[in-house]
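This report concerns only the one structure given below.
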Amino acid sequence: MEYHPDLENLDEDGYTQLHFDSQSNTRIAVVSEKGSCAASPPWRLIAVILGILCLVILVIAVVLGTMAIWRSNSGSNTLENGYFLSRNKENHSQPTQSSLEDSVTPTKAVKTTGVLSSPCPPNWIIYEKSCYLFSMSLNSWDGSKRQCWQLGSNLLKIDSSNELGFIVKQVSSQPDNSFWIGLSRPQTEVPWLWEDGSTFSSNLFQIRTTATQENPSPNCVWIHVSVIYDQLCSVPSYSICEKKFSM
């Protein structure tokens with residue numbers, strides 16, 4: 001058997017070469033795996049970011065859709081309300097038979113509908129056939145009389161027990177104040193007279209006197225709560241004006 005040293009070297013070199021090739025391939029595989037591992041995280045991060053962006057866009061789309069629906073509904077409600085308001089204005093602008101009757105008979109409006117179509121001026125109170133003003137200006141009896149005249153009225157004249165009850169109810173809410181009425185006399189020895197010249201009847205109410213030795217001549221009358229007194233005409237007080245009207 002011949003010995004071939006070159007073949008041995010080839011075998012040895014071949015083996016060695018193959019060994020080196022195997023190691024080289026192993027290193028390349030390891031490097032490839034490391035490279036793929038290193039490249040993986042950026043792609044995952046990008047995928048997560050894209051997912052979040054998609055979710056945000058979806059939420060925005062839902063919100064915008066909801067707002068659009070709400071605006072559409074509110075717009076339709078506004079148009080509907082405007083329609084009813086315009087219809088109400090048309091109805092109120094058209095006079096009816098009842099409104100014409102109320103304008104002719106104002107007291108009917110007060111009694112039946114409560115609408116303020118009163119023949120009385122502002123701040124006056126209507127009762128039966130008269131308007132009343134409870135003036136809060138302090139004046140003597142003569143000054144109060146002039147004030148009522150300037151307003152086209154007279155100081156109060158009480159004609160009935162019902163009217164007296166109405167006046168008492170009004171002044172009782174001001175227990176610290178007294179109010180001049182249209183009852184006076186020129187001197188102590190003569191009867192009491194209303195402003196229209198008619199004589200006072202004690203059957204309606206009694207006049208309590210405040211006469212004293214110092215003030216012997218109280219020739220004017222005022223009402224305090226539910227009691228009617230004579231008083232010096234020069235004493236400042238409030239007053240009640242009355243204006244009658246035809247039914």
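Any Cβ shown, glycine's included, is placed from N, Cα and C.
Marked as (1,3-beta-D-glucosyl)n binding site by Swiss-Prot on the basis of similarity to another entry: Arg146, Gln147, Cys148, Trp149, Gln150, Leu151, Gly152, Ser153, Glu195. In the three-state DSSP assignment, the secondary structure recorded for Gly152 ((1,3-beta-D-glucosyl)n binding site) is coil.
Residues annotated as divalent metal cation binding site in Swiss-Prot, with similarity to another entry given as evidence: Lys157, Asp159, Glu163, Glu242. In the structure as shown, the Cβ atom of Glu242 (divalent metal cation binding site) sits within 10 Å of 23 other Cβ atoms. DSSP assigns Glu242 (divalent metal cation binding site) to a strand segment in the three-state reduction.
Listed in sequence order, Ser118, Pro119, Cys120, Pro121, Trp124, Ile125, Ser153, Glu242, Lys243, Lys244, Phe245 are the same-chain residues at least 6 apart in sequence whose CB falls under 8 Å from the CB of Cys131 (disulfide bond). Annotation comment: Swiss-Prot describes Cys120-Cys131 (among others) as disulfide bond.
Sequence annotations record features per position, and here Swiss-Prot assigns disulfide bond to Cys148-Cys241 (among others) based on sequence analysis. Sequence-distant neighbours of Cys148 ((1,3-beta-D-glucosyl)n binding site) (same chain, six or more apart, CB under 8 Å from its CB) are Leu133, Ser135, Asn154, Leu155, Ser239, Cys241, Glu242, listed in sequence order.
Counting every protein chain shown, the number of other Cβ atoms lying within 10 Å of the Cβ of Cys220 (disulfide bond) is 26. DSSP gives Cys220 (disulfide bond) a strand state. Look at Swiss-Prot and you will find Cys220-Cys233 (among others) tagged as disulfide bond, backed by sequence analysis.
Taking the domain 'C-type lectin' (127-242) as a whole, pLDDT averages 94 in the prediction. Look at Swiss-Prot and you will find 127-242 tagged as domain 'C-type lectin'.
Taken from Swiss-Prot, the feature N-linked glycosylation site covers Asn91, and the record attributes it to sequence analysis.
Look at Swiss-Prot and you will find 15-18 tagged as motif 'ITAM-like'.
For 1-44, the entry in Swiss-Prot reads topological domain 'Cytoplasmic', with the evidence type sequence analysis.
Sequence annotations record features per position, and here Swiss-Prot assigns topological domain 'Extracellular' to 66-247 based on sequence analysis.
According to Swiss-Prot, the transmembrane segment annotation covers 45-65. Tertiary proximity for the transmembrane segment (45-65), restricted to same-chain residues at least six positions away from its ends with a CB under 8 Å from its CB atoms, involves no residues.
For the recorded site, Lys157 (divalent metal cation binding site), the DSSP three-state label reads coil.
Within 8 A of the CB centroid of the (1,3-beta-D-glucosyl)n site residues Arg146, Gln147, Cys148, Trp149, Gln150, Leu151, Gly152, Ser153, Glu195, the other residues of that chain are Lys145, Asn154, Leu155, Cys241.
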